[in-house]
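Taking it in order: structure first as structure tokens, then the write-up.
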Amino acid sequence: MTDTILNLEPSLGERARSALGRRNLVLVGLMGAGKSAIGRLVAQHLGLPFIDTDTEIERVSRMSIAELFAAYGEEEFRALETRVIKRLLRSGPRVISTGGGAFINDRTRAQIQRGGVSVWLKADLDVLWERVNKRDHRPLLKTENPKQTLKDLMDRRYPIYEEADITVLSRDVRKDVITGEVLSAILEHCGKDKSA
Ligand SMILES: Nc1ncnc2c1ncn2[C@@H]1O[C@H](COP(=O)(O)OP(=O)(O)OP(=O)(O)O)[C@@H](O)[C@H]1O
Ligand SMILES: O=C(O)C1=C[C@@H](O)[C@@H](O)[C@H](O)C1
Ligand SMILES: [Mg+2]
């Protein structure tokens, strides 16, 4: 006789997965918001494959994002980003972490709104700056005053990220905490929880 009690309740991840159904989960937000880090953890809890669009673009082009910007310019990069995201959305469901500018592009945003549930990881300037200033591989931040550039991007982009289905505040707490908040928000947004 064992006194182990099996917990057969579905986990938060399982309930969120059920609520999501066939839809993709798409993380959007500025550089450093945590889209890649949190996206990967959320995908593990949902039991879905994870993909980062910047990584996928680098894989298909066999160039780094910085090289793509330098060789072809931002416009060509955006066109490639739109094509890659369209393909990923069609072959889901999966968790997709997008590059910081993806949701700002009208065509890409419309595709994301059709093919997935979008989550904006919103963060304030100091949190973002703390995270991005450690590395200098981001082409848009190669300016005289990168912190001011980040602030300008926030001013221009935050009204557009606001169109995402879900907003979660990304801040300096454990990644597990943000991951849990994303899963709870999926449950709430998607309404019915079929497995509960
Ligand atoms: N809640 C958190 N607490 C502490 N560090 C975090 C948290 N979330 C993310 N980070 C760290 O911040 C850095 C930036 O996160 P990440 O690369 O996931 O951002 P991103 O939104 O994907 O940025 P980009 O658009 O440039 O790809 C990483 O080093 C990551 O580990
Ligand atoms: O915010 C942006 O526009 C970008 C963010 C990165 O993820 C990359 O997609 C690229 O550096 C552009
Ligand atoms: Mg990323």
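From the backbone N, Cα and C atoms, a Cβ is placed for every residue, glycine too.
Taken verbatim from TrEMBL:
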type    : residues                                         : note
BINDING : Gly32, Ala33, Gly34, Lys35, Ser36, Ala37, Arg138 : ATP binding site
BINDING : Ser36                                            : Mg(2+) binding site
BINDING : Asp54, Arg78, Gly100, Arg157                     : substrate binding site
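Residues Gly29, Leu30, Met31, Ile38, Ser97, Gly100, Leu121, Arg131 surround the recorded ATP site, their Cβ atoms falling within 8 Å of the Cβ centroid of Gly32, Ala33, Gly34, Lys35, Ser36, Ala37, Arg138, which are themselves excluded. Of the recorded residues, Arg78 (substrate binding site) and Ala37 (ATP binding site) place their C-alpha atoms 22 Å from one another. In this entry, Gly32, Ala33, Gly34, Lys35, Ser36, Ala37, Arg138 make up the residues listed for ATP, with the farthest two CA atoms of the set 17 Å from each other. Proximity of the binding-site residues (Gly32, Ala33, Ser36, Asp54, Gly100, Arg138) to ligand 2: a Cβ under 6 Å from the molecule is found for Asp54, Gly100, Arg138.
For ligand 3, the nearby binding-site residues are Lys35, Ser36; that is, of Gly32, Ala33, Lys35, Ser36, Gly100, these have a C-beta under 6 Å from one of its atoms. Each residue contributes its Cα atom, and for Lys35 (ATP binding site) and Gly100 (substrate binding site) those atoms are 9 Å apart. Checked against ligand 1, the binding-site residues Ala37, Arg78, Arg157 give Ala37 in sequence order as having a Cβ less than 6 Å away from one of its atoms.
Counting only same-chain residues at least 6 apart in sequence, those with a Cβ under 8 Å from the Cβ of Arg138 (ATP binding site) are Met31, Ile65, Ala66, Val132.
Considering only the binding-site residues Asp54, Gly100, Arg157, the residue whose Cα is spatially closest to the Cα of Ala33 (ATP binding site) is Gly100.
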